[in-house]
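Features as listed in Swiss-Prot:
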type	residues	note
COMPBIAS	272-287	compositional bias 'Polar residues'
COMPBIAS	446-459	compositional bias 'Polar residues'
COMPBIAS	475-493	compositional bias 'Polar residues'
REPEAT	23-230	repeat '1'
REPEAT	231-446	repeat '2'
TOPO_DOM	23-62	topological domain 'Periplasmic'
TOPO_DOM	97-268	topological domain 'Periplasmic'
TOPO_DOM	312-493	topological domain 'Periplasmic'
TRANSMEM	63-74	transmembrane segment
TRANSMEM	83-96	transmembrane segment
TRANSMEM	269-279	transmembrane segment
TRANSMEM	301-311	transmembrane segment
Amino acid sequence: MKKLLPILIGLSLSGFSSLSQAENLMQVYQQARLSNPELRKSAADRDAAFEKINEARSPLLPQLGLGADYTYSNGYRDANGINSNATSASLQLTQSIFDMSKWRALTLQEKAAGIQDVTYQTDQQTLILNTATAYFNVLNAIDVLSYTQAQKEAIYRQLDQTTQRFNVGLVAITDVQNARAQYDTVLANEVTARNNLDNAVEQLRQITGNYYPELAALNVENFKTDKPQPVNALLKEAEKRNLSLLQARLSQDLAREQIRQAQDGHLPTLDLTASTGISDTSYSGSKTRGAAGTQYDDSNMGQNKVGLSFSLPIYQGGMVNSQVKQAQYNFVGASEQLESAHRSVVQTVRSSFNNINASISSINAYKQAVVSAQSSLDAMEAGYSVGTRTIVDVLDATTTLYNAKQELANARYNYLINQLNIKSALGTLNEQDLLALNNALSKPVSTNPENVAPQTPEQNAIADGYAPDSPAPVVQQTSARTTTSNGHNPFRN
């Protein structure tokens, strides 16, 4: 036990260390693939459908049965004194020679199993897409919260500086009020961003069953975009490989086969039967033997039988014709479903194609928007310092900058998700696509809102020190200096 204790401690520590490491996209997906209940249910349904093929095949194979019987008879009244013991055993063999309905049932089950297999493949692709979407939603929520925190710090600095300028009489109180209003707005946005991050983490947990303290973040420096193939080429590939379209085609084939199965109700059946049996009967009692000799003889018999059983349905009240019509109507419905699936695939491919191109354009546009917004903010701050711009201009420029950064991050994640969407529409989405995205990830980031954007109660309390409804402060000739370093209230005057 003393030797095992260090090993157990080491295993426990290694388990904690593995949990503390950042998980990447592939690791998260592997955990989802192993633990996702919906995918596991789909796999069980597929296995059950294929196992049912053996059940459908069994009526076509020989049916062998063994029977045994024992009967004891005790006579009374006129049969008083006559008792008997009867024992019998038989072996029966039945082989279907011609029964088209049984062959058709086997074919139907094979097609149904094929549909279930396609359903499982669809669920696999859905899990890949949902896992990646939830993963990138978490990263996007982290970015939004980070930018909101940075915007809050920037607005706070502007609020601090504006208050100090107001204290020395350089600006009007409306500038302070505008800065405070903007700061309160950012605080509200921060609450929303924190909540969105918590919800995104919970959505990922719902898929994988695990919480992740850290996730590998997107490598923005090496982020690249690729234009998709021409839409006509994508549509041709989707025609061949889209799983929804394939499932609709298989369902149409199944409905066609069900028409043939209903028509087989008019066909005859022919079965071969063979049996062998023995029986033994013995008598006892006072009346089983008379004066003239034995009246009830014991018997021991055996018998072999071979025969053919033929059946031809002539009229069944119109049931077969009704079943044929029902199957024909079901085939029409399956055909319409195939057309609907085809239109849906075309729409999905074209929409995904357009979304990818739009994401690429948005990324390029927001990159330039960030650069322009930063230049505008620098110009506004310089103009405000010399009195040619107002604090409203500075606040608007700050908001524009951080909104552009958030939109740029959102466009990047939308591009990645749209890449997976179009592969899913083509029916080619697999783990290799996740591996390619996984290579675009880099350093870990925390998923805890407190680590992404620590709460600033002291800063908020300082900001709350100024009440817009309070009387205007007395102007004092004091030097403008930053007071946040020592924790004093810059709005106390």
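Every residue gets a Cβ built from N, Cα and C, even glycine.
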Secondary structure content, the topological domain 'Periplasmic' (23-62) (per DSSP, counts of residues): 35 helix, 1 strand, 4 coil
Sequence-remote partners of the topological domain 'Periplasmic' (23-62) [C-beta within less than 8 Å, at least six residues beyond its ends]: 93-96, 99, 102-103, 105-106, 108-110, 112-113, 115-117, 119-120, 123-124, 127-128, 131-132, 135, 204, 207-210, 212, 214-216, 431, 434-435, 437-438, 441
For the topological domain 'Periplasmic' (312-493), the mean pLDDT of the predicted model: 83
Contact set, same chain, for the transmembrane segment (63-74): CB under 8 Å, 6 or more residues outside the stretch: 82-95
Helix, strand and coil totals (DSSP H, G, I; E, B; other) for the compositional bias 'Polar residues' (446-459): 7 helix, 1 strand, 6 coil
